[in-house]
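The following features are taken from TrEMBL:
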type    : residues                                                                               : note
DOMAIN  : 10-187                                                                                 : domain '3-hydroxyacyl-CoA dehydrogenase NAD binding'
BINDING : Gly14, Ala15, Gly16, Gln17, Met18, Gly19, Asp37, Glu96, Lys101, Ser123, Asn147, Lys278 : NAD(+) binding site
BINDING : Ser53, Lys60, Ser123                                                                   : CoA binding site
SITE    : His144                                                                                 : site 'Important for catalytic activity'
DOMAIN  : 190-286                                                                                : domain '3-hydroxyacyl-CoA dehydrogenase C-terminal'
Amino acid sequence: MATASKIAAVGVIGAGQMGSGIAQLAAAAGCAVLLLDSDPAALSRAVASISASLRRLVAKGQLSQAACEDSIKRIRCVSRVQELGDVDLVIEAIVEVEDVKKKLFVELDGITKPSAILASNTSSISITRLASATKRPSQVIGMHFFNPPPIMKLIEIIRGADTSEDVFSAVKSFSERIGKTVICSQDYPGFIVNRILMPMINEAFWALYTGVATKEDIDTGMKLGTNHPMGPLQLADFIGLDVCLSVLRVLHNGLGDNKYSPCPLLVQYVDAGRLGKKRGVGVYSYGQRSTTSVKPKSSL
């Protein structure tokens, strides 16, 4: 079984913003990193993003030039899951769809070495159910990073029903090694942060949908009235409206309470492709693309 000190090689699956950020953290902590994505363009963007991020740290005096170059050299891009056979820890950061993640875990279970730990960066999906797809449920765990991973200090660690104490301890120590403050959640829908955050975001959408106030006033109210650094609608754009909708559906299905039922306006925005900052438009426009306007309704 891998311990924190023995986690020398890390596989990261998914070269999007989350995956590239996780890869950067592991490489900066001295690990050999295999960054996996089937899209060569995504891998190229990830390498450019990681290099730029590390060089910004050098410019700020937070990282030496030598450490920057060494970190970049530790990252190798791959396109086949089979190339992760010798890693000590795999962290998947793919689409937030349970069936897709389960299929990946089955594949990983078959090709990784018996001692490897399999981790999911899921923000809401049951670790127990993901683990049940493998023959090593004691070695499956949740590592929920926050966006962007190199900046956000928090990580949620989620133990499945069968996650062993050794695996939990190894992952907790590894998380601290890469500079994270660890909080631990039981395996319930939404875990800690999203269990509390998503109903607030959903309620902000309801306030917009029913004409309580403008998006600007809703966000300003929460920023200045509750000392949040970002309003809930703007935060939803940064998270991704599709991700918010997915988490709310997991909460609604898993807990059976209608308070988690997604606001129709959020559903409409996602259906219209207004997914937030990553698409250039969500609740707000970020100047990257235009789309047909989706207007809040004045009443239910």
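Using the three backbone atoms N, Cα and C, a Cβ is placed for every residue, glycine included.
Bear in mind that TrEMBL entries carry predicted annotations, made automatically and left uncurated.
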Just to verify a number: CA distance, Asp37 (NAD(+) binding site) to Ser123 (CoA binding site), in angstrom, no decimals.
20
Sort the residues of the domain '3-hydroxyacyl-CoA dehydrogenase C-terminal' (190-286) into helix, strand and coil with DSSP and give the three counts.
66 helix, 3 strand, 28 coil
Out of Ser53, Ser123, Asn147, give me whichever of these binding-site residues has the highest number of other Cβ atoms within 10 Å.
Ser123
With every protein chain in view, how many other Cβ atoms are within 10 Å of the Cβ of Gly16 (NAD(+) binding site)?
18
Students should find that the Cβ of Met18 (NAD(+) binding site) has, within 10 Å, a number of other Cβ atoms equal to 23
Using a 10 Å radius on the Cβ of Asp37 (NAD(+) binding site), the other Cβ atoms enclosed count 23
I'd like to know which of these recorded positions, Lys60, Lys101, His144, is least surrounded, judged by other CB atoms within 10 A.
Lys60
Taking Cα atoms as reference points, rank the recorded positions Ser53, Lys60, His144 by distance from Gly14 (NAD(+) binding site) and give the first.
His144
I need the CA-to-CA distance for Asn147 (NAD(+) binding site) versus Ser123 (CoA binding site), whole Å please.
11
